[in-house]
């Protein structure tokens, strides 16, 4: 090491002397001469380079404090947006990458996921949380120069409550169903929507039929312009030019969606009149780049950042980290992968009619045994999966609430650390022992016991985890039937119509950052409760956590969720495998980046590039 | 000749009809529908919403009813709306992709023809020469290398490392027009065009070589030579015409393959064409788009074969259609 260092210095001196000689010799042939020293510098020792870098940094330092205006930034995503650039109709994360620059909500979420002022500067909520009155920022204009007013807010919610909204392809009804007068307006009985009311140009009131625990989340939906869509029938909004075409999509955000080369490039140009402050960047260009080429382009500087929804693959982390000009931000994703147990199955009749009625469910033998589920949890080394499949870029979680939420409580849950001994003893205790000495456990009735595992294709990590899980379970003496993976759409159909023989299923969820309420996935009647887990205590706790007036107090909710998490963790309807990390990679010339827990794009008007 | 063409087209109409029934039936037999996959994307959305949309889209109707609805709107010239791309018409979705696919397919076919035929002829004229061995080696390599792999290597070396060609897409920026746009498009098409044409080039070269060799050994060529005909007129007047016939048959099929089978190349180069649209529509169960593309491909294969038949009669005067 030291020797190399010495050699390096020697070579350096030699090269320096040589270049001096060369300069002296060739002082007349200036072209060749000016190139020579450059070349020698490149071949020089790292020591020299370090001092070089140091000098550059010093030079750049004053510049890097002071944001510079101008410049273009290029981002990459691996799949093109479907092309519906309208907050009330889009459904994919890829559109999000455009709409996050162009549209804004009344409230935004801070790094602790609390709601704070955005287009609304102030708000008051009445005592029983049925009404919220928001005061809007004045002087905000749409990209086309029209003023932003309370009418736009009313219009946005009214559009989502209109009859025909769902039929036209909209899915965001969760934001409006609880508003006063939704039923009457949606069924077409009346033209008046009482749920959202204009007080004056810059004041708007939302009225809910019931006390609303998640009132702030419900008013934080991106606003669309009334003066553009006001006269358009809701069924025509998805195919309206202001929804589809670059240059015609109008929002209030810091960037204007100005040009596109469909499925290849999406150009956002700065909105010089942005109400918060003029953005530093002139342009942000999204390029659609194949996953396999993305890192190469990041390396050679053709693209500047890789962010949501997929980020840098965990397997490539080291490669990207080794690039000097690329910075990495890593944070936990909302969402998790799980190994679910089909504790119950529905009856044929219920599947046929689409009813979800826990009273009719048929317990799935063996999987309905709590001890068996716990034993499987102990049998699986999840940390090893995180370390090897995710290269350590993820975490083992034990409760189905995103770790970023105030509601997540690690202390309330059983950790289920890898313990095959314990798994064996739990299975013995449950009566699943090897009675015929074939090395495999039989059911308590002495019958052959085979546990089937079903999983979908599409997510490579999940696909890779299935055989590993099967192996872990086999190691505690259980015969496993690892079924052929199915394509996602076909898989979901089988998962939903669960009058089958399924025991274990794999699935992943990406969760919203708005509110931690887990009832949409784990309540017994919830359609997405694919395990058909039926635990009255869990249902009760989730209900209480959302029940007014106690639930207005976040601490109270946190307490209920903590209890719920311990119930979940003990009864274990599903073993949560891992929460993956988001890995954002960006060129060091990009400054001012401050990702939020839920996304990379935050205050892009403060982003700037140093050239 | 015209009668023949019209007859061929008339025969094709019932075939197309059967094709639509088969594709529609098979597509419907696959489990799940356009909304099944979407429902998992966001657990906050009430599944009831998707049920309402299914009802509105008529996805709950019996398959023959759905087919009837589809075929009657197609008969009126309306290909319908995509089920996945909210509110976008199928015609509009296909329009831009179809042009891209057509350009790329034509470009790659040109490369294929310009490279394979001369080399094939040359290696047949001088078999076992250095160039012949080189071409044979290249032929095997071209057939053996998977498309996507060749594409990635080409991108890595020629685009990322050397920066000669753009790596992705069809143009370098939106809003470029005129001649500049044309040059830009060609520049973007070179790598995907070569990648797409690689296997075809190798195949044609092999065919051309063996065909020319075959014809050169036949009696009428010996007769021609005996008459004292010059080497070049033997080659171009007598040999080439006869040797081209099988190539043209191949090419007739190739048109359909080029337009429909470019999925992998399109994916690697993020070149938005029909292939990737077809693939994503099948996985998303977007029937209206799947049906429309299947029909387009069917029609193109007919045209390809028809063109091949017409070319036969031009190249070989003995072939007459009436």
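Quick reminder: no glycine exception, Cβ is built from N, Cα and C everywhere.
When TrEMBL is compared with the stretches B:186-205, B:206-225, the one noted as transmembrane segment is B:186-205. Looking at B:136-158, B:159-181, the range annotated in TrEMBL as transmembrane segment turns out to be B:136-158.
Per TrEMBL, the range carrying the annotation transmembrane segment out of B:9-30, B:31-52 is B:9-30.
For the transmembrane segment (B:289-312), the partner stretch with the most Cβ pairs below 8 Å, chosen from B:9-30, B:102-124, B:136-158, B:186-205, B:243-269, is B:243-269. The largest share of C-beta pairs under 8 angstroms with the transmembrane segment (B:136-158) comes from B:186-205, of the ranges B:9-30, B:102-124, B:186-205, B:243-269. The transmembrane segment (B:102-124) and the transmembrane segment (B:9-30) are not in contact, since fewer than 3 Cβ pairs between them lie under 8 Å (pairs 6 or more apart in sequence). Contact between the transmembrane segment (B:186-205) and the transmembrane segment (B:9-30) is not supported: fewer than 3 Cβ pairs lie under 8 Å, counting only residues 6 or more apart in sequence.
With a cut-off of 8 Å between Cβ atoms, the residues of this chain six or more beyond the transmembrane segment (B:243-269) that come close are 101-102, 104-105, 108-109, 117, 147-148, 151-152, 155, 167-169, 191-192, 195-196, 200, 203-204, 207-208, 211-212, 214-215, 275-276, 278-279, 293, 297, 300-301, 303-309, 311-312, 315-316.
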